[in-house]
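Here the structure comes first, spelled out in structure tokens, and everything after it is commentary.
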């Protein structure tokens, strides 16, 4: 039986850009925690953090191994950087992260994390879910054991095709129809929102399916790091209490628009930082103060 879907559009982005109270205070417009980084992939948590910041949240905590944290701290004074004691996400590292959990609305976990930290990841995700903190999982955090912890949580997973195979134990499919059917099925089976990244993004919460077709200039976004930008945008929308499915769809649209805007300016020579810098230009027309 064929599965129906709809196309993502500007209305999805407008829905996720919630109004800001004129007299709101720091912290009321979202606080994001990013957990990631390793000696090889030090840039990933920085990109996620800055993308989340550019969605308009108030605060971003970035938890990373100590040597990585030093580099991130030097890159931006806008982030609250939490150095972790080990190179991997160990139980000891999680104990340090717990200190800030009372302050955050959403945690983006996985970008750039070293392999072999499954026990630490499971401990952290369990704590996040128990505290009703929304979760975005990407990269190293996408492994099958974590799925049982996410049912019923405010959770989004953002795999590409290879990570989809590792997470769900099956291929994502080679045609759009196959991808739509599989994303819908696994989202329903595990009770979460799945954002399958690709030339056409496929998003489902197990009930509805939305596809996000990208413009030709978005081919510039094959550069490494744009997936980290997407993760940060999902986290930013979730921090504003946007439902996971709508946050994922809107993030896919915003990321695509920002990538095209960067490519229109710089051609096929963009970096993920260029995409981040275009996010305010994409989002500001939806700004509302009430």
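Cβ coordinates come from backbone N, Cα and C, glycine included.
Those TrEMBL annotations? Automatic predictions, nothing curated.
Per TrEMBL, domain 'YjeF C-terminal' is recorded for 9-286. Residues or ranges marked as (6S)-NADPHX binding site in TrEMBL: 44, 112, 160, 228. Residues or ranges marked as AMP binding site in TrEMBL: 227.
Mapped onto this structure are the features recorded in TrEMBL.
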residue: 44; record: (6S)-NADPHX binding site; Cβ within 10 Å: 29
residue: 112; record: (6S)-NADPHX binding site; Cβ within 10 Å: 26
residue: 160; record: (6S)-NADPHX binding site; Cβ within 10 Å: 15
residue: 227; record: AMP binding site; Cβ within 10 Å: 22
residue: 228; record: (6S)-NADPHX binding site; Cβ within 10 Å: 31
So around the (6S)-NADPHX site, 44, 112, 160, 228 aside, which residues have their CB within 8 A of the centroid of those CB atoms? 36, 41, 47, 48, 110, 111, 138, 139, 224, 225, 227, 231
Recorded (6S)-NADPHX binding residues, 44, 112, 160, 228 - maximal Cα separation rounded to whole Å: 16
For residue 44 ((6S)-NADPHX binding site) and residue 227 (AMP binding site), the CA-to-CA distance in whole Å is 9
Rounded mean pLDDT for the residues that make up the domain 'YjeF C-terminal' (9-286): 95
Pop the Cα-Cα gap between residue 112 ((6S)-NADPHX binding site) and the residue listed as 'AMP binding site' into the table, whole Å please. 11
In three-state terms from DSSP, label residue 228 ((6S)-NADPHX binding site) for me. helix
DSSP three-state assignment (helix, strand or coil) for residue 160 ((6S)-NADPHX binding site): coil
